[in-house]
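A short write-up of the structure that comes next.
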Amino acid sequence: MRCLCVTIVILLSINTHVSPTAANVAVKRSLPPAAYLSSAFYHQSCPNLESIIHQKMSAWLKRDHTMAASIIRLHFHDCAVRGCDASVLLNHPGSERAAEASKTLRGFTLIDEIKAEVEKQCPKTVSCADILTAAARDATILAGGPFWEVPFGRRDGRISLAREADTVPQGHENITQLLGMFEELGLTFVDMVVLSGSHTIGRCSCHAIKQRLYNFTGSGRADPTMNAIYVDRLKKQCKSDASYVNLDFWTPRKFDTAYYRNLEKKMGLLSTDQLLHSDMRTGGVASLMGSQPELFATQFAASMVKLGNANVVVRKEGEIRSKCTSVNSY
């Protein structure tokens, strides 16, 4: 019996022993892609990267303050399709950039300008996906929003399809649809409400809100959930479909919590904005963000990191493009 017990112990020892190398391989294989990102990723290979991006962003925003919101939006559109892989920057027939949903996107020239300077100082080192992610962070800061450390190490994707870009929210979806889309990115309803707070800056075309103002659900009238005085002011500003109006009526150039307080006054420009306040699943968070500016700033930073880590391409799965507008030719 004693021999049997000794034999069992020896067998168990043999079966449960795993070499350190094998264990490390197993752990690496199980890590999610975002685990390979690090704020120190370019410290040795491109130490001036963040300084280059910040200087370019600052110089551009001094000429055109509206570019801050455009870069944040461009980053979101990129991450919403195939993850944050700079696929939205590819410029070829049938790419995301050619999609109907992308027609009002801006900031491509600015990102190209940053990339060109980065290539001069750190050739073939920094991905366009990382540049766009950091540019969105700096756009937020320069508009008066919070700072956060950007984890780097993303690679650029090689696929960009217009039909996929047309699935990005356009401001007329219901909350259930929005929650499903954010869930696919690994984001929660809190992240959705908080990231929508970026609408505290930026503009929207009058074409996008035309139905809300004149023919809501085919009624021939304005959306009854909108503040009547607000509707009158918007109609005066929208002389044509090509005109633009501010997403935040009161402080459109300041990154603050006025956006959420506007919702309480029924002054959400997009129907998706207003639904954040009226839907019981998201209304509590929207009210909380409006009354707690410091909480909003902290949570916005955290949610932007989560967005930037969504379905990223890392290591050998992608490439470092020489130009953001096209894949490398090998």
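Heads up, residue numbers simply count up from 1 along the chain you see.
Cβ coordinates come from backbone N, Cα and C, glycine included.
For C206, the partner cysteine in a disulfide bond according to TrEMBL, taken from C204, C238, is C238. Cβ-based neighbour count (10 Å, all protein chains) for C238 (disulfide bond) stands at 19.
Ranking the binding-site residues T200, T251 by how many Cβ atoms sit within 10 Å of each one's Cβ puts T200 at the top.
Other residues of the chain with a Cβ within 8 Å of the Cβ centroid of T200, D248, T251, D256, the Ca(2+) 2 site, are I201, W250, P252, R253, K254, F255, T257, A258, Y259. Neighbour counts of Cβ atoms within 10 Å were compared for the recorded positions C46, C122, D248, C324, and the top value is held by D248. Closest in space to C122 (disulfide bond), of the recorded positions given as P169, T200, T251, D256, C324, is C324, taking the CA atom of each residue.
When the alpha carbons of C79 (disulfide bond) and P169 (substrate binding site) are compared, the span between them is 12 angstrom.
When the disulfide-bonded residues C79, C84, C206 are compared by the number of other C-beta atoms lying within 10 angstroms of their own C-beta, C206 comes out lowest.
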